[in-house]
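Taken from Swiss-Prot, the feature active site covers K14, D140. The ATP binding site annotation in Swiss-Prot covers P98, M99, G100, G101, G102, L103, G104, G105, G106, S107, S108, and the record cites sequence analysis as its basis.
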Amino acid sequence: MSNEISRNWPAPAKLNLFLHINGRRADGYHELQTLFQFIDCCDQLDFRVTQTPELILHSNMSAVVADSDNLILRAAKSLQQATSYPGGAEIWLEKRLPMGGGLGGGSSDAATTLVALNQLWNTQLSNDELAAIGLKLGADIPVFIRGFAAFAEGVGERLQAVTPTEFWYLVIAPDAHVSTAAVFQDPLLPRNTPKLGIDTLMSQPWANDCQDLVVSKYPQVAKALGWLLEYAPSRMTGTGACVFGEFSSQQQALAALAKLPSDMQGFVAKGMNISPLIVRLTHP
């Protein structure tokens, strides 16, 4: 068993190009219709297989390591248990994505952990089996495991591959932490958007049902979105706080970024319908 470090496993961010809430289920979860697309801004993970079963996480973000409920460690432990794998792993996380911004960074880190360790441990689970493990940890994890842009329904677990335009995006990360649980519990959240077929959804203007509520409660999000809308069609991703504008070229997105007010943080990224994780898996 090699002690070499397997490097450069990407955990890409995602954008919700639209997000519709169709109702609330008896178990408290919400029925959704959403469109996921990856962007080329990623956290990065390295792994070293160990003979002993311990799972050790290092990170440039001390808050990640201090979190005993960390999704990376939970994902690795779940794969260990599902396969009765006797060894363990040492994991290094370089955190580049904003935390808690609606970009799916934590879910993506967990998905990359499952995919990478499944290969490095040679546990030979299928993508379906990995996605089933991931779904128990978080509704967004399966889309990162499958690695293709997808139309999602249910609580986000029913996925259909799609190929939306791969725009350039200017993503702004407001200085606000939006609680996903609080958004979905808020009585003012719209919950009755009609379910529509994928062809209709793909051809109509896109919107995020959480956006108006979050904008009304978080002035930093309102300010960022208001500024971005002056330059491009723009929306919020997930339950926020990040917002994104669509540009047809990198040059246009960078030109807008150059004008970003000094009290805002942002970056330019390319939309990707195939995850960088899939590229890493097939071209190590």
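Glycine is no exception: its Cβ is also placed from the backbone N, Cα and C atoms.
Structural mapping of features recorded in Swiss-Prot.
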| residue | record | DSSP (3 states) |
| --- | --- | --- |
| K14 | active site | strand |
| P98 | ATP binding site | coil |
| G104 | ATP binding site | coil |
| D140 | active site | coil |
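Here D140 (active site) is compared against the recorded positions K14, G100, G102, G104, G106, and the shortest C-alpha distance is to G104. Every protein chain shown contributes to the tally, and the Cβ of G106 (ATP binding site) ends up with 23 other Cβ atoms within 10 Å. Highest Cβ count within 10 Å among the binding-site residues P98, G100, G102, G104: G102. The number of other Cβ atoms within 10 Å of the Cβ belonging to D140 (active site), over all protein chains shown, comes to 24.
Of all the Cβ atoms in the protein chains shown, 28 others lie within 10 Å of the Cβ of S108 (ATP binding site). If you measure from the Cα atom of S108 (ATP binding site) to that of K14 (active site), you get 8 Å. Other than the site residues P98, M99, G100, G101, G102, L103, G104, G105, G106, S107, S108, same-chain residues with C-beta atoms no more than 8 angstroms from the centre of those residues' C-beta atoms, the ATP site, are A13, L97, G238.
There are 27 other Cβ atoms within 10 Å of the Cβ belonging to K14 (active site).
G104 (ATP binding site) sits 6 Å from K14 (active site), taking the C-alpha atoms as the reference points.
Separation of the C-alpha atoms of G106 (ATP binding site) and K14 (active site): 11 Å, rounded to the nearest whole number.
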